[in-house]
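Before any comments, here is the structure.
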Amino acid sequence: MNLLTATITAFVVWAIASAIAAFVAGSYVASLVMVVGSLFVYVVVAIKLRTKSAEAFYVAERRIPAVVNGAATAADWMSAASFLSMAGAIALSGYDAMPFIIGWTLGYTLMAFTVAPFIRRSETYTIPEFIEARAGRWGVARLVAVIMVFIVSLVYLTAQLVGVGVVFGRFLGIAATIAVFIGAISALVNAWTGGWRSITWVQFIQYWVMISMYWLPVIIAAAALGLFNPFPHFAYGDLIREIEAREAQYGQTPWTEPFARPFGGGTGPLNWILGAVVLMLGTMGLPHILIRFYTVKDVKSARLSVGWALTFIGLLYVTASIYAAIARYSFSALWGKPIEEVMKTPWVEKWLPTGLISIRDTNGDGILQPGELSFHGDIVVVGMPDMFGMAWFIAPLVAMGGLAAAISTADGLLLAMSTAITRDVYKRFINPRVTEAGEVLLARILVTIIAFIAGFLGYLALSDPTFSRYVALIVGWAFVFAASSFTPAIILGVFWKRLNRYGIVAGMIAGMLVAAPYVIAVGAMGMPPLEIAGQKIGTVAWGIFGFLTNLVVSIAVSLATRPEGKEVMEFIDKMRLPEIRK
C-alpha cells in the first residue's frame with residue numbers, strides 16, 4: 001500500500017467511524033471521535049514512513065519536493081497560536097495587531113534570499129552543526145548553539161501542548177490537563193517513527209486539514225452576510241465601515257485607528273515598528289524552521305520551499321482579518337440591546353460559562369454598552385460556528401484544525417531538540433563512533449523523554465493559572481530569543497568572512513543576556529516597561545536591542561581577535577558560490 005492509498009484509507013475509516021458515532025451515540029460522542037480520530041490518520045502516515053536510516057531521520061534523505069516542504073513548513077510554523085489567536089488579536093487590537101502579520105510574512109520573504117539557500121548549501125544537518133562549521137569546528141560554539149535551541153524550543157513546545165489541552169477542553173469537555181498528554185503522545189508517535197521523513201509528510205497533510213477547517217466557518221459566515229465579490233477577502237470593507245459607524249455612535253475609539261492600543265506591552269509607533277522588525281528577525285532564526293531547508297535536494301528547492309511556505313501561510317493570515325471583522329461586527333450588533341435579551345442569545349448563553357466572553361451591567365441601566373461586553377481573542381475562531389448557528393459538526397472540524405496546528409508545530413520542535421542532543425552533543429562529543437542504528441535509537445529515546453517533559457510542563461501550566469500566564473507570555477518571547485541569538489550569527493556567518501568563533505559565541509551570549517532579563521522582568525514579574533521618546537517599549541519590541549547587541553559584540557570581538565583559517569573561508573565560498581546543476 002503506497003502513501004496516498006494509506007492516507008485515503010485512514011480518512012475513509014475516520015469518516016465512517018464519525019458517521020457511525022453520530023448515528024448511534026449522538027453529536028457529542030461523534031465530535032469526540034472526529035477530533036481524536038484525526039490523530040489516527042497522522043499516526044497511520046507516520047508509521048507508513050518509518051525509517052532506520054540516520055539521513056532519513058535527520059534530513060528526510062534530502063528528497064522532499066519543494067511544494068511538499070513548503071506546506072510542511074507552513075504547518076510547522078502556524079502553531080495553535082496562529083490558528084486560534086491571530087484572528088482574535090486583530091479583533092481586539094485592530095491596526096495595532098498588524099506587526100504579527102507584517103513581521104512574520106516579511107521574515108519569510110527575507111529568509112528566501114538571505115538564509116534558506118545558504119543553509120542548504122552548507123551540507124550540515126543541524127543549526128548547531130552549521131554554527132560550529134562556521135566557527136572553525138570549535139566545539140564550544142556548537143554547545144552554546146544547542147543551549148539556544150533549547151531556550152527557544154522547549155517553551156514553544158510546551159505551549160503547543162497547552163494549546164492541545166485548550167482545544168479538547170473548550171470543544172469537547174475533556175480535562176485539559178489530561179488532553180495535554182494526548183497531544184504529547186501524538187506528536188511523539190509522528191516524530192518517533194521516521195524523524196523528519198515521516199513528520200514532513202504528516203505536516204503536509206496537517207496543513208491541508210488546518211487550512212480547510214480554518215476557511216470553512218468563515219466562508220459560511222461570510223455567505224450569511226453576503227460578503228462575496230467573488231471572495232469575502234475583497235468584500236468586507238463595508239462591514240468595517242459599519243463597525244466604525246457603530247463605534248462612532250457610542251463614542252468608541254475606532255477599531256482601525258493606528259497606535260490606539262498596546263502591542264506586546266508597549267505603546268506608540270516606535271514600539272509598533274520595532275515589534276514588527278523583531279518578529280521578522282525572529283522568524284529568520286527559529287531552529288525548527290531553519291532545519292526544514294536541509295530536507296530538500298538543492299538550493300533552488302530551498303528557495304521554492306520558502307516561496308510555497310509564504311503562499312500557504314498567507315492563505316491563513318489574509319483570512320484572519322475577515323474572522324476579526326465578522327466577530328467584531330457580531331459583537332457590536334449586541335450593543336444597545338437589553339442585557340437580559342443578549343444573555344439569552346443562544347451563542348452568548350453557550351460561551352458565557354467558558355469565560356471567553358463576559359457581560360457586566362456597569363451603569364445598571366439594563367442596556368448593553370460597548371464597555372460592558374468583553375471577549376477573549378480565542379472565541380473569534382472557536383465561537384464562529386455558534387455565532388451563525390452552523391451545523392453541529394462544524395465546531396469539531398474547527399477543533400481538528402486547531403489540533404493539527406498544535407501537533408504539527410510540536411512535531412518539528414521535538415525533532416529539533418532531540419537532534420540537538422543526539423547529533424550535536426552525543427555523537428560530536430561523547431561517542432563519535434556510534435552506529436547509524438544506535439544514533440537513530442538514541443534520537444527516538446530522547447524524543448520520548450522530551451515529549452513527556454513538555455507534557456508535564458503543559459500539565460503544570462494548565463493546573464496553575466500563574467504559570468499558565470507565564471508560558472503564554474514566553475511563547476511570544478521565542479521570537480525575541482531567536483532574533484537575539486541565531487539570526488545575527490547566521491546572517492554575519494554567511495555574508496561577513498571576518499566573523500570568527502569568538503565573535504559568534506560572544507554575540508549569542510550577549511544578545512541573550514540583554515533580551516532575557518528584560519522579557520522576564522517586564523513580561524513575567526510586572527516591572528513597568530522602559531520608555532524611549534515617551535513611548536513604552538514592550539517585551540517583543542525589546543528584542544531589537546538583543547539583536548543589535550549580538551550584532552555589535554560579534555563584530556567587535558571578531559575584529560579584536562584573529563580571523564578564521566582557510567577551512568572556514570572555503571566553507572563560506574562553498575555556501576555562496578552559485579550551485580552547479582548537473
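Each residue, glycine too, has its Cβ placed from N, Cα and C.
The feature transmembrane segment is assigned by TrEMBL to 29-47, 67-91, 97-119, 140-159, 171-192, 204-228, 272-294, 306-326, 390-420, 441-462, 474-495, 540-560 (among others).
Counted as Cβ pairs under 8 Å, contacts with the transmembrane segment (390-420) are highest for 204-228 among 67-91, 204-228, 272-294. Between the transmembrane segment (140-159) and the transmembrane segment (204-228), fewer than three CB pairs separated by 6 or more residues in sequence fall under 8 Å, so the two stretches do not touch.
Against the transmembrane segment (171-192), the recorded stretches 67-91, 441-462, 474-495 differ in Cβ pairs under 8 Å, and the greatest number is found for 441-462. Contacts between the transmembrane segment (67-91) and the transmembrane segment (272-294): present, as 3 or more C-beta pairs lie under 8 angstroms, all at sequence separation of six or more. Contact counts against the transmembrane segment (540-560), taken as Cβ pairs under 8 Å, peak for 272-294 among the stretches 29-47, 204-228, 272-294, 441-462. The stretch from 29-47, 204-228, 272-294, 441-462 with the most CB pairs below 8 A to the transmembrane segment (474-495) is 272-294.
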